Amino acid sequence: MIKITGIELENPTILAAGIMGTTGASLARVAKEGAGAVVTKSIGPEPKEGHKNPSMIDLGYGFLNAMGLPNPSYPDFKNELAIAKKETDTPVIASIFGGTEEEFVDVAQGLLESNPDAFELNVSCPHALGYGASVGSNPDAVESITAAVKDAVDIPVWVKLTPNVTDIVTIGDAAQRGGADAVVAINTVKGMAIDIESGYPILGNRFGGLSGKAVKPVAIKCVYDLYTALDIPVIGVGGIYTWQDAIEMMMAGANAVQIGSAVHEGIEIFSSIATGIETFVAERGYKDITDIIGLAHERI
Amino acid sequence: MYPINVKITKIIKETPSTRTFVFDKSFDEAVPGQFVMVWIHGVDEIPMGLASKNSITVQKVGDATEKLFKLSEGDTLGIRGPFGKGFTLPDKDEKILLIAGGVGTVPIVALANHAASEGVCITTILGARNSEELLFVDKFSSCGELHITTDDGSAHRCGFVTDVLGEADISAYDRIYTCGPEMMMKCIFSMLEKEDALEKTEFSLHRYFKCGIGVCGACCMDKKGLRVCKDGPVFNGLELVDSELGKYMRGPSGNKKDF
Ligand SMILES: Cc1cc2nc3c(=O)[nH]c(=O)nc-3n(C[C@H](O)[C@H](O)[C@H](O)COP(=O)(O)OP(=O)(O)OC[C@H]3O[C@@H](n4cnc5c(N)ncnc54)[C@H](O)[C@@H]3O)c2cc1C
Ligand SMILES: Cc1cc2nc3c(=O)[nH]c(=O)nc-3n(C[C@H](O)[C@H](O)[C@H](O)COP(=O)(O)O)c2cc1C
Ligand code: FES
């Protein structure tokens, strides 16, 4: 059991945004497989079909995706969120996005009646023009959006950060100033792949975001820096495949870990990582899982 | 991995709306019922069942398939796969029933080819809109008993595949496989559910795919949250009890579309 921003999680593994998160039934399925919490697909003000395929490819050492934030919009997603809440006791966090403060607030208020346990603000998607990282690389925008949503709702607000900035701490700071209850790091890292036979960029959107094993070192460094600089909890995401990865992320300073791409290996991953963490903590004689959070900061 | 570049070596006109594209690379590990993601450069990437280890058979229905139909022998495509779960292959001494409608005949013909090479006893019920749209008739008739229906009666029996199924002795078959329009599969599902025969039945389904590899969640079905691209596209009938089959599917944005 671990508590983050007042929400109790059975274990520190969380389904990351955008992974099997479009329907209530699939969120409930992941919850039943043992995730400590689940995050929905990012939901916006209008229905969006996303980019043309190919929208995701497996590079072997990671994945490249440009989904383009496909979502049915908040009026349609309300029911899915309600289903996820009804089918499981696991906390459900609603990921939301918008182009402006007002849009973020509209979406948050629209989803409130389905009782999400928290909101996660996606100010970090690297490949949807006018949304995501184009907002999230501007500290003022991050601060004011966070403050606006905080004002409008009375549940915890997490802010998900992009690594595609010179200094992620500046953005984390802005989120904290805006009143964020936690930050989540990282979203995908900008990337691209080209088919040398045809010369075509592979993704329908030409470029996209790198996730999976390849980004873990980037995520560890971001979490480490945010832990040093901020007073609010940091949730680590990027390249978590094994319980060892999760422990590493927690030693960098994460209170919990989100798992995205590794779902490709099988949904059992949540329970196997949770068990691995528990065994490690017990066998090494730590009193509690919280003992390992930020441990690497004490070893200098 | 990156999509594999394949060259189209032959294009066969099967019916007025379908063509087979044979390519120069063979996906030998593919199980009948598995699919590939076909990338038409600069246009889109769409899921297609493998008709054989090195071909797809495509019906022209929209933008991407229309562009595909404009390609010629010598042109190239990007292929990722094979993906998903194929059909459970029958044992040699089993009797199987295949029920195929429209372009859903593609994965079924791949299974028929495999089963015939193993000496399995095959009965097929094949349906199409009209006589011109019937697919792979010679193939099916050479590997077992074949019943044909056409919606407009332009060939063989007028009506639907379910008319033939209604008269069949379901208990005579060890396994039943089906692929076709969702309403057809829904009717078959209801009939076999009544006969208590779902356990030996497999359905190959169609949903909107984005990633094709089980991550994005675009293709998830209610109520179990099954991913058609990874947990399917072939499902045992029992997995589909109380599901959205025949009621609705989701479009690219995740919004529901009723059948
Ligand atoms: C597992 C699987 C196997 C398939 N096998 C075959 C086959 O062997 N032969 C064949 O002709 N067709 C097959 N299809 C259907 C084929 O993928 C669609 O007809 C094709 O994507 C249409 O593309 P379009 O751009 O021409 O049509 P559009 O105008 O874009 O759409 C027409 C319809 O095609 C479907 N479609 C479009 N894009 C996708 C997508 N990314 N994923 C799923 N469906 C889509 C939708 O139902 C849509 O309503 C299969 C589909 C799946 C899921
Ligand atoms: C297919 C796909 C879709 C994603 N969609 C979203 C999204 O809607 N909102 C969001 O905040 N992050 C989204 N992400 C980013 C992930 O939540 C996560 O931050 C990133 O993939 C790194 O974690 P991983 O290496 O465990 O996958 C998506 C990632 C992938 C691979
Ligand atoms: S298409 Fe992405 S999970 Fe099936």
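Every residue, even glycine, has its Cβ placed from backbone N, Cα and C.
TrEMBL annotations: computationally assigned, not manually curated.
Copied from TrEMBL, the annotated features are:
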type	residues	note
ACT_SITE	A:Cys125	active site, nucleophile
BINDING	A:Lys41, A:Asn65, A:Ala66, A:Met67, A:Gly68, A:Leu69, A:Asn122, A:Asn187, A:Thr188	substrate binding site
BINDING	A:Lys41, A:Ser42, A:Asn122, A:Lys160, A:Ile186, A:Gly212, A:Gly238, A:Gly239, A:Gly260, A:Ser261	FMN binding site
DOMAIN	A:3-279	domain 'Dihydroorotate dehydrogenase catalytic'
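Of A:Ile186, A:Gly238, A:Gly260, all annotated as binding-site residues, the residue with the shortest Cα distance to A:Asn122 (substrate binding site) is A:Ile186. Chain B has a C-beta under 8 angstroms from the C-beta of A:Lys41, taken from the binding-site residues A:Lys41, A:Ala66, A:Gly68, A:Ile186, A:Thr188, A:Gly238. Spread of the FMN binding residues is 19 Å (greatest Cα-Cα distance among A:Lys41, A:Ser42, A:Asn122, A:Lys160, A:Ile186, A:Gly212, A:Gly238, A:Gly239, A:Gly260, A:Ser261).
Within 10 Å of the C-beta atom of A:Gly238 (FMN binding site) sit 32 other C-beta atoms, taking all shown protein chains into account.
Listed in sequence order, the binding-site residues among A:Lys41, A:Ala66, A:Thr188, A:Gly260 whose CB lies under 6 angstroms from an atom of ligand 2 come out as A:Lys41, A:Thr188, A:Gly260. Close to A:Ile186 (FMN binding site) in the fold, though at least 6 residues off in sequence, lie A:Ser124, A:Leu161, A:Thr162, A:Pro163, A:Ile168, A:Val215, A:Val218, A:Ala219, A:Cys222, A:Val223, A:Val237, A:Gly238, each with a CB less than 8 Å from its CB. Cα to Cα, A:Ala66 (substrate binding site) and A:Gly260 (FMN binding site) are separated by 14 Å.
For A:Ala66 (substrate binding site), other Cβ atoms within 10 Å of its Cβ number 29. Listed in sequence order, A:Ala17, A:Gly18, A:Gly21, A:Thr22, A:Pro70, A:Asn71, A:Ser95 are the same-chain residues at least 6 apart in sequence whose CB falls under 8 Å from the CB of A:Lys41 (substrate binding site).
A:Gly68 (substrate binding site) has a Cβ environment of 23 other Cβ atoms inside 10 Å. Between the C-alpha atoms of A:Thr188 (substrate binding site) and A:Gly260 (FMN binding site), the distance comes to 10 Å.
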